[in-house]
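Have a look at the structure below, then the notes.
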Ligand SMILES: *Cc1c(COP(=O)(O)O)cnc(C)c1O
């Protein structure tokens, strides 16, 4: 094997407006070049406490069990699903998007049975359909996706859904990957028993330390399991030795990633969580106004528009890959295409965290308008750009 000759690392400078990761604030990047300490160093134990307090603030929860899971959002997702699902449990999962299907796959691997509550992709779950599904299947757990990144759909009526589940003695798991730190989310007030998230979406931290919170009811079920969780790495009854009072070794925490998450969360706290939700609505609102004024449509209804992920219908005859490549190569802007049922039909434009800024919404709308005009699509790029500008001046 010859010695490989690789050049110095120099990734291009992108504007990240896809479904995640989002742009990272310079303060967060700087935090990652601060000295490493051990994962059991008293200094790091203090940092862990800070991260847990800050996570409780962004989740709007008093849950003692609030931690960053080592790994990306899917690790936190699997931690929630695998710990709460005991072999033989029935878990009701959402059929209205890509991530409900991932939830179902995790349920099956944990030895549970996944049953779906159906809704079309691009629409939220209807409480009446959830009620029906409860009567039909008597699930032990109900999982839903608060912000479905594959369709740009926000699930409204969360307290109504959690009440249905609790009337049937079921636990509620919420996927808050694309909502945490970006759109209104109130874990305690809304009756969510367990919520998982990721840090590279609306929190704008590099992927690798993924928020998870469980209330006592959920944790009691985990600690009373008859069979051990099938994943050793994600077993919360073992992880509590590290994140609980003992602070004993379980696995080595991704130290630098925890630094980054702490700084990203500190930025959220400085801004104020409600101000941050409002900023996402304002900036994404300009993006939406611009896209609509140029002659395109958002896929979901306005009633369940998700500011952090805008699913834009492609004009007839335009290939999604061509638009995505042109934005990346000519403007340095990353967006994405549709997943699953919506593949080839939509563009997915994120407006998350540090990417959710006025100048980025304006840049995206102009770049998209120009690109589509160059492809002879029936759009008015100038009308889009001025609508976005006007929306921000309001
Ligand atoms: C991104 C995402 C995930 C998975 O997170 P990864 O960090 O990619 O592992 C899960 N659910 C939703 C809704 C997401 O958007």
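Every residue, even glycine, has its Cβ placed from backbone N, Cα and C.
Looking at 1-23, 24-46, the range annotated in TrEMBL as region 'Disordered' turns out to be 1-23. Model confidence over the domain 'Aminotransferase class V' (38-338) is summarised by a mean pLDDT of 97. Here the region 'Disordered' (1-23) has long-range neighbours at 149, 177-178, 198, 200-202, 204, 206-207, 309, 328, 331-336, 348-356, 360, 363-364, meaning same-chain residues at least 6 beyond its ends whose C-beta is under 8 angstroms from one of its own.
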